[in-house]
Structure formats: C-alpha cells, structure tokens
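Beneath this line is the structure, given in structure tokens, with notes to follow.
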Amino acid sequence: MTVPPPRERTAREQRRAGSGPFRPRAVTSAPPLEERGQPALYRIGKRVLGYAVLAFFAALFIAPFALALANSFKTRPETLADPLSLIPGEPTLRAYEIMARTDIPRWALNSVFVTVMVTVARLFLDSLAGYALARLRFPGRAVIFALVVAVLAVPPIVLAIPRYLVLGQLGMLDTYSGLILPLAVDAFGIFLMKTFFESIPREMEEAARIDGASIFQTYLRIILPLAAPGLIALTILSFQASWNEFLHPLIAAPSDPDLRTLPVGLALLRGAQGESQDFPLLLGASLLITLPVALIFFVFQRYFIQGVAASAVKG
Amino acid sequence: MPTLRDRLATNEKVAGWVFVLPVLIGIGVFLIVPIGMALWMSFTDWNGLSPPGDAQNVGLDNYRDLLSEPGVPRLDFAMSIRNNLYYVLGVVPAQTAIAFVLAVVVNQKFLRGKAFFRTAYYFPSITSSIAISIVFLFLFQRSGAINQTISALMPGDDFRLNWLDNAEGVLHNVLGAVGVDSAPGFLADNDIMGLSLWQWLSGPSVTMFAIMMLATWTTIGTMMLIFLAGLQNIPADVEEASRVDGATALQRFRLVTIPMMKQPMFFVLTIGLIGTWQVFDQIFVISSGGPQKTTLTPAYLIYREGFQNFSMGRATAIAFLLFVLIMVLTLVQRRILRPDRD
C-alpha cells in the first residue's frame, strides 16, 4: 500500500481552513480570539470609546488647516468677525491675487531652487560618505564616523552665529551658495545611508570587484541601483527639511530681500504688518508653504515613517 | 609583486578617503572652524559689522555679564532660562503622555482606520513651523477661533482672553485665585541672577502657554510614530502567552507593554528635551520675546543680541552656555532614565 506524499496546502486552502499566514476576517458574528468571553456591551463600549478618542484628536489636528484654508478665501473683516465658519460668506480670491503681485512668487522660486540644490548635493555627498563608512576599509574610518555622530549632537541654534561669521569671511553672505552649501552637509543623511548600505548583501559588489570593476564603477553600477529605496527616503526627508528650514536662510541672507525663501519671507512679512495683520494673505501664504510637502507626504508616506524609525534606532 | 587582494585593499584605502573627503571638508568649514571661531569670539566685543580682526579681547566679560554681573544682560538671560524651563516642563510631559496614549489607542486591534489616523496625527510634524505659527497666531486672536470655541462651550460667557499679549504668569494667576496676590517677604527679597524667587515662580506667561500648546500640538505626531513602532515591535507570542496565562488586559499592559516601551520612551524624552531647549521659530513669528520678555528664550536671545543688538560676542557666549546646558541635561537624563540594553 502506498501513501501519497504529504502536499503543502495552497494559500487558498490555508485561508479556508483559517490557518497559516492568512487568517479569515470575522465572517460570522463570533468575536475574534482575543475578545472571547467579553460581554457584547463591553466590546461595543470600548469601540465607541476608542473611536471617540481617535476622532477627537483627528479633529484637533485637522481643524487648524481647514480653518486656514477657509479663511484664506474670506474678506479681511469676515476673518475677524467669523473666523470659525468653514464656508466663506462672500468667497474671494483677493488674498491669492495679492500674493501673485507681491514678492511671494520670487520667494517661492528661491525656495524651490535652494531645496532642489540642497537635496541633490545631499544625495551625492551622503551616499558617497555613507557607502565608504559602511563598506570600505580605510584608516580613520571609525574616527570619521564618530565625528559624524558628534555633529548630529550640535544644536543648530548654537551654530547660527558661527556660521554667519564663516559665511562673512568667505564672502558668501547674501549669495545662493551661502544658502545652499552649509545645508548640504548633513550628518543625519550620512547616518541614514550608512545604515541602508549595511543592509545590502556584500556578495554582488565583491563579484564585480573580482571581475575587475573599480570601486567607483561598482558603487555607481551595482550599489546605487540596489540602494534606490534608501535614496528615495533621503530625497524626501531632505526635501522636507530644507523646504521648511527657517534659521539658516534667515541668517545667511540677512540683507538681500531678493534671496528670501518662503518661510523667511513670510515670517518677516508678518513682522512688518505689525498689529493690522492681513490674515487671509498670511494664511494663504502659509498654505502655499504647506502644499508641496503635503503632496509629497501623501504619496510617499512610508518613507517619512521609515525616517522616524531610523532616527529612533540612532538614539 | 602585490597580489590582487593587496591591490584591492590599497584601492579601498584611497577610495574610502576620496568618498568621505567632500563631507569632511564641509564639516570642517561649516561646523568645526565656525565653532572654534565662535569660541574665540565669545571672549571679544565683536559687533558683527566691523571686521572681526578689529574686535577687542574682553576676557571673560561676556560670560560675567550673563552670569554674575548685575545688569540687564544677566536679567534677560535669567528670564530666558526661566521662560524656557517652564516651556520644557510643560511641553515634554504633555507631548510624551498624549503621544503614548494615542499610540496605544491607534494600535488596538479592534479599531479600524489605523492608516488614516496615523496620517492625520503625523501631518503637523512635517509642516513648516513658520506656516503653523502663522495659523496659530490667527487662531489665538482676541476674537479668534479659540476664544469663540471656548465661548460656545460655556453658554452665557463671552470668553475674550488676550492670549498673545499677556505677561501674567499662569502660576501667579492660580495663586491669585486662592488669595495670594503679592509676594511673601522671603520670595520677594531673595533672588537668583537678579530675578526674585517670586518671579522665578511665576509659571509661563499666558502668551508662553499658548506657544506651548502650539509646540505640543506640532510634535505629538512624531512621538506617536516612535511609540507605535515600539508597540509593533512587541513580539506577538509574548502577548499571546500572557493571554493564555490568563492575564487581564490591564495586567498585560502593565507587565508586558510598559516594560517593552522603555527604549522608545527614553528616546522620546531625549529628543523632546533637546528640541524644547531650542525653541526659536515659533517665538520669532508669534511674540518676538514679548510681552515684557516673558517669551524670551535663550535661542531667541542669541538671535536678538547677535543680529538686532549687534553684540555678537555676548550672543556667542549665550550660545555656548545653552550648548553646555543642553549637554549637561541630556547626560543627567541619560544617567537617570537610561534603560539597560542587553
């Protein structure tokens, strides 16, 4: 008598049987395992409470953005009299028309230019350094890595005046290079890329090296394509960081209004308006700063979350 | 004749240095040299306008003015420390506690829509601090959305708190409510760095309190994500085993979840502490250090002394004192809270 060999159950069979990685969603009204034995009222009660907490905080986090959007389409008197309504009484594009006529488009272009240059520079520098620190054996590697970690610990506000001093000595105050170069040095990105390169298996690059490829060729042709997810994460994180950066452009371009970025321009515009704030205008400009990061965030959310996870590992 | 292996090793040494060289130059030019120059500058009277070479060496005068010499600079510095201390004591516990609770709730298996809520909570954390400060400036106006909402919740009461130009200390107000409205003698007569003990005990001003709410609101999302990552790292079988052993939900939370969350908790407190001692952008937009210097912080004072009062020497001295303060506090916190890694 022959016994047929045992066969692996297919995913579909596993699902039907309710075992393996595929657990069935609760089809019947039977509560899931962890809730067996709990009275129905208790199960309903904790759901109501849970959703109430979640919804309350969701409202708290979304409301300021919704109010900013609504009020940017109101007239100035209406923003003062009725700031809470989400639908403008007499909708107007006045704020956005004024924005188009002021320096705001110029600031937006500056922001785009600086952000793109900083991001490109960080991609290049951080991936090179991160690769060397992760893979290449050279004397001084440990010291350099310790230096990078130490740099992470220096608070930016402490660096503000020293940087102003050095930019002045180099003749780079009120120039685009002064806005870009100091931000291109980015210890966190090096750290992120080093961690990422360490997760790539060594075999492929070793094979390429034995076949006679130079280190730079190996890096360019083999390593970088494998590191694409890490590079995307770095792109997004440095785009967000340099787009929102306020302190550095504030001190690096102190006297040329044509070099202001959006955050600097907006903060100074608010200061210049004193007590009679044009809130529809200020809120519209705030939304303009928020929009690009919001779009990128909603598309590439998981990379932001990876970034937070990476920084948590660092601690 | 060198073997292939030797040649590859030599190549790696050269390539390694070539790859890190641009970054090293950058760190040198924009970090190490500036810090060295600034340390020297903190012993001079440089005004930021004349060539730095003309600055006079004044020895320890800048540090003395801030720490021991009676006068406006010392008083301003003391107030900035007081203001920021209350800011830290308010924001760090609030952001940590709310973020932890939200992470635990979002992580519940019986609740759906995890991705949506996570997104909604995290979004403020990635938005420009300047944009958010402008929005809150609008919300906190005297006839603004916050006051109108409070009025609507308290029928018959027209709530018109002047949030943004209000120097009254919150603790002083609380004491006033129970009848203590002037300083008891020993609090008024004794001072630390020129600021009377009564003034040290003022609490944050109402305006600072508004900025603290804004800061808490902005940072909860990041902290929540860190906690959430920690919660999802708890192995499912540990949970399962404790359930099989008959632990109640509360026992499981206390005996499994809390101990497993020590590492994320330590990290959240560390970045919270470091971040809150550097508050600048929000102060710049909302209050510029006012009213009556109650929102002056060391970070804002560095900017004001350096770029508005042209005392670069004093400003760099403040920067170094702030740096030392942050380092010391971080080390103390590490000593007290460091979870054992094993």
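Placement of Cβ uses the backbone N, Cα and C atoms for every residue, glycine included.
Database features, via TrEMBL:
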- A:1-16: compositional bias 'Basic and acidic residues' (COMPBIAS)
- A:108-300: domain 'ABC transmembrane type-1' (DOMAIN)
- A:1-31: region 'Disordered' (REGION)
- A:48-70: transmembrane segment (TRANSMEM)
- A:107-131: transmembrane segment (TRANSMEM)
- A:143-164: transmembrane segment (TRANSMEM)
- A:176-197: transmembrane segment (TRANSMEM)
- A:218-239: transmembrane segment (TRANSMEM)
- A:279-300: transmembrane segment (TRANSMEM)
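A contact between the transmembrane segment (A:176-197) and the transmembrane segment (A:48-70) is absent, since fewer than 3 of their C-beta pairs, 6 or more residues apart, lie under 8 Å. Within the chain, the transmembrane segment (A:279-300) has long-range Cβ neighbours (under 8 A, six or more residues past its boundaries) at 65, 68-69, 71-76, 79-80, 92, 94-96, 98-99, 104, 108, 232, 236, 239-240, 243-244, 262-263, 266, 269-270, 273. Note on the transmembrane segment (A:218-239): residues 115, 118-119, 122-123, 126-128, 131, 186, 188-189, 192-193, 196-197, 200, 204-205, 208-209, 293, 296, 300, 303-304, 306-307, 310 of its chain, located 6 or more positions outside it, place their CB under 8 angstroms from a CB of the stretch. Proximity of distant same-chain residues to the transmembrane segment (A:107-131), defined by a Cβ-Cβ separation under 8 Å and at least 6 residues beyond the stretch ends, is recorded for 148, 176, 179-181, 183-186, 189-194, 196-197, 219, 223-224, 227, 230-231, 234-235, 238-239, 242-243, 249, 258-266, 288.
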